[in-house]
Structure formats: C-alpha cells, structure tokens
Amino acid sequence: MSNLTPSIAVIGAGSWGTSLAILLAGKGYPVRLWGHNKEHIDRLISDGENSRYLPGISLPESLYPTPSLEKAVLGAQLVLMVVPSHVFRTVFRDLIPFLPIDCQIVSAVKGIENSTLSTMHMVMAQELAAYPALALIELGVISGPSFAKEVAQKQPTAVTVGFASADTAKKVQDIFSTDYFRVYTSTDIDGLEISGAFKNVMAIAAGISDGLSYGSNARAALITRGLAEMQRLGAAMNADPATFAGLSGLGDLLLTCTGDLSRNRNVGLQLGKGHSIEHIESEMFMVAEGVKTTKSFYDLARKLDVETPILDEVYHIIYEGKDCSQAVQDLLGRKLKPE
C-alpha cells in the first residue's frame with residue numbers, strides 16, 4: 001500500500017458499509033461507496049445522508065457514492081467488501097477486472113456461503129486464483145462487536161482486523177483507527193470469520209429464548225454453551241482458540257445476543273413469539289445473516305462431525321418448522337454430561 005493517502009472503495013451501501021465509509025471519509029480519505037441500486041445511490045447524493053439505513057447522519061465531503069463498480073474500484077489501494085454473503089461471490093467476481101494489482105481487500109461480512117460452505121475470505125481467494133496477475137493482492141477481514149448505527153454515531157467501539165501478514169494488518173489497523181474506533185490486529189483469519197458468522201446463529205437462539213419469555217438464566221446459558229459450539233467448530237477448522245475469547249468471538253456474541261439493535265436477535269424474538277420465518281423475512285428490509293448462515297453451519301458441522309446441539313435446534317426451527325418450546329425441551333432433555 002502506498003504511503004500516500006490511500007483511495008478507498010467500500011462495496012455495499014447498506015448500514016454497515018455506509019457506516020464504515022463515513023468513518024474512513026471522516027479521517028480525510030477519499031472514499032467511493034458503491035451500491036447496486038442506482039435510485040438508492042442517487043438518494044444518498046441528493047440527501048447527503050443514507051436516509052434509509054442511517055437517517056440524520058451526514059456523509060462527509062470526501063465520500064462519493066456511485067452505482068458503478070468500475071468507478072468505485074479503479075485505483076483503490078484498499079477495497080472493503082460489505083455486501084450480504086449470498087451475493088458476495090457474484091459482486092466480487094464482477095469487480096475483479098477493475099482491481100489494482102497490489103491492493104488490500106478486507107471483508108466486513110459475517111457469513112458463510114451456503115453452496116460451498118466457504119468463508120468470505122475463502123470466496124475471494126477462490127475467485128482470485130484464476131488471475132495470476134493479481135497474486136500480490138492481500139486479503140483480510142474485519143470483525144468484532146459493532147452495530148453500524150453506533151459506529152456512525154461515533155460511539156466507542158473495538159474491533160479486530162486480520163491478515164496473514166502482521167505488517168499488513170498493522171497498516172490497515174492504522175487506516176481504520178480513530179479516537180472512538182479502536183482496532184486490534186490478528187493473523188487468525190479463519191477464527192475471526194468463524195466466530196463473526198457463528199454468533200449470528202446464537203443471536204437467533206437468544207432471541208427465541210427472549211421471545212418465549214425465558215429469563216436471564218436461559219440467555220446466559222445459551223451464550224455460554226453457544227461459545228462452546230463456536231470453539232468446537234473453530235478447532236475443527238484449525239483456528240486459534242484464543243480468538244474465540246476475543247472481540248470477534250465472545251465480544252460479538254455478547255453484543256448480538258443481548259443488543260436491541262441486533263437484527264438476528266430480532267428474528268429469534270419473532271420466532272419465539274410464534275411468527276413464521278417467511279413472515280419475519282417479509283417484514284425486514286435489512287438482511288439478517290444468521291438465517292442463511294444457520295444452514296451453512298449446520299451443513300458444515302455435519303461435514304466436520306462437530307457436535308452443535310443449539311445450532312441444530314435453530315436449524316430445525318427455521319428450516320423444518322419445529323416448535324420453539326419443543327426445541328428448548330429437547331435441549332434441556334439431552335443426556336447429562338460433564339461441562
């Protein structure tokens with residue numbers, strides 16, 4: 001990455017993408033924010049804010065919304081991927097022809113691709129493998145407990161940036177860090193992605209518990225045993241165990257399972273109150289990654305032969321229509337064992 005002020009492309013103009021674009025542009029970086037919906041992008045330009053996702057928060061002068069992937073990506077030293085996991089590969093594949101040969105790309109997406117069970121870092125690596133001329137591009141992730149609205153409001157937040165190279169992680173850490181947005185570094189990309197995605201499933205479980213009007217004891221048990229499932233999956237994928245006690249693991253798990261801004265917890269709340277997943281999704285205008293990620297992790301756990309009882313019950317509720325109260329009883333009725 002050049003020592004000059006880097007040009008940054010943020011791919012995805014939802015709440016999280018816009019929030020990160022505001023943060024980076026607020027530091028004086030020239031930021032181009034891409035969205036697939038031209039009408040939405042035109043509205044960002046005319047309103048000077050993302051009134052759909054972050055109303056009342058102004059876009060800095062150095063933030064330039066665009067519906068053109070080419071205009072967004074050409075010349076960017078840092079590319080930030082912030083689109084839903086189910087369209088991630090398609091969007092990434094479309095922007096590859098415009099990538100500079102030595103840029104850094106960071107995924108800010110917490111999900112697992114359904115069809116391949118790949119993390120977003122894996123998806124990027126798979127797609128770039130067909131382009132030897134882009135072999136110098138470095139891939140990383142950013143993860144941690146970070147509601148978009150609070151980041152856009154400049155409320156104190158801490159996250160972790162991960163790259164295979166500690167030096168590159170440090171460079172990207174410096175780009176993102178502010179007096180309200182503290183960034184740590186890691187080289188455990190797999191651990192960051194597994195924990196960041198899996199916590200969304202546990203947030204649905206916690207929401208179901210709350211929707212059934214269970215108390216704090218039940219929520220604490222779900223979070224703790226959910227962390228154990230996360231750790232078992234991480235071990236099967238050779239992740240660093242310490243990552244799961246960090247910001248992307250326990251930190252994000254606590255936030256998403258308890259915070260009122262959590263879309264995944266809200267899905268669980270509505271399920272617990274008896275609403276169908278079809279009804280819940282029809283009422284949402286923002287993506288809850290945990291719904292699709294539940295299926296990905298369910299399939300992955302079967303593939304890796306990892307025991308994930310809470311994940312399994314969330315899957316049965318969402319994809320098989322199992323009664324939520326029965327799922328809880330089945331969890332509590334499992335064979336007793338040591339912790």
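Glycine is treated like the rest: Cβ placed from N, Cα and C.
Here is what Swiss-Prot records for this protein:
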BINDING   S15, W16, H36, K110, A148, R263, V287, E289  NADPH binding site
BINDING   K110, G144, S146, K199, D252, S262, R263, N264  sn-glycerol 3-phosphate binding site
ACT_SITE  K199  active site, proton acceptor
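Overlay of Swiss-Prot feature records on the structure.
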{"residue": "S15", "record": "NADPH binding site", "Cβ neighbours (10 Å)": "22"}
{"residue": "H36", "record": "NADPH binding site", "Cβ neighbours (10 Å)": "15"}
{"residue": "K110", "record": "NADPH binding site", "Cβ neighbours (10 Å)": "29"}
{"residue": "G144", "record": "sn-glycerol 3-phosphate binding site", "Cβ neighbours (10 Å)": "23"}
{"residue": "S146", "record": "sn-glycerol 3-phosphate binding site", "Cβ neighbours (10 Å)": "23"}
{"residue": "D252", "record": "sn-glycerol 3-phosphate binding site", "Cβ neighbours (10 Å)": "27"}
{"residue": "S262", "record": "sn-glycerol 3-phosphate binding site", "Cβ neighbours (10 Å)": "23"}
{"residue": "R263", "record": "NADPH binding site", "Cβ neighbours (10 Å)": "20"}
{"residue": "N264", "record": "sn-glycerol 3-phosphate binding site", "Cβ neighbours (10 Å)": "27"}
{"residue": "V287", "record": "NADPH binding site", "Cβ neighbours (10 Å)": "21"}
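Taking Cβ-Cβ distances under 8 Å and a sequence separation of 6 or more, the neighbours of K199 (sn-glycerol 3-phosphate binding site) in its chain are K110, G226, M230, G249, D252, L253, T256, C257. Annotation for E289 (NADPH binding site): spatial neighbours P84, S85, V109, K110, G111, A197, N200, N264, criterion Cβ-Cβ under 8 Å with sequence separation of six or more. Of all the binding-site residues in the list G144, S146, S262, the shortest Cα-Cα distance to W16 (NADPH binding site) is found for S146. In the three-state DSSP classification, S262 (sn-glycerol 3-phosphate binding site) falls within coil. Across the structure, V287 (NADPH binding site) and S262 (sn-glycerol 3-phosphate binding site) place their CA atoms 11 angstrom apart.
A gap of 11 Å separates the Cα atoms of S15 (NADPH binding site) and S146 (sn-glycerol 3-phosphate binding site).
Annotation note: G144 (sn-glycerol 3-phosphate binding site) sits in a coil segment as assigned by DSSP. Under a cutoff of 8 A between CB atoms, and with a sequence separation of 6+ in the same chain, the neighbours of A148 (NADPH binding site) are G14, S15, W16, T18, S19, Y53, L54. The NADPH-binding residues named in the record, S15, W16, H36, K110, A148, R263, V287, E289, extend over a maximum Cα to Cα distance of 22 Å.
Following the DSSP three-state reduction, the secondary structure of S15 (NADPH binding site) is helix. A distance of 24 Å separates the Cα atom of H36 (NADPH binding site) from that of S262 (sn-glycerol 3-phosphate binding site).
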